Amino acid sequence: MSSGGLLLLLGLLTLWEVLTPVSSKDRPHFCHLPADPGRCNALSEAFYYNPVQRKCLKFRYGGCKANANTFKTIDECKRTCAA
């Protein structure tokens, strides 16, 4: 194979890696934790990843001491956990 062909193959493999969604085995373990409102009573809006529905959902967050499957924005949740 020529060096141009190898370069093209390398470019395509790199693009495939970047565009391939996160698989369930690659998700951080905390993405499988349930929504956790925490122990405080602030009741603000937050997001968590629901592995059954395979998407990020909104929930009421108390403001402190929740698990790691708690995100301030839906985009942060999607970047971390969603496939």
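Going from the start of the chain as shown, residues are counted 1 onward.
Glycine is treated like the rest: Cβ placed from N, Cα and C.
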- Cys31, Cys77, Cys81: which one closes the disulfide with Cys56 in Swiss-Prot? Cys77
- Mind checking which of Cys31, Cys40 has the disulfide with Cys64 in Swiss-Prot? Cys40
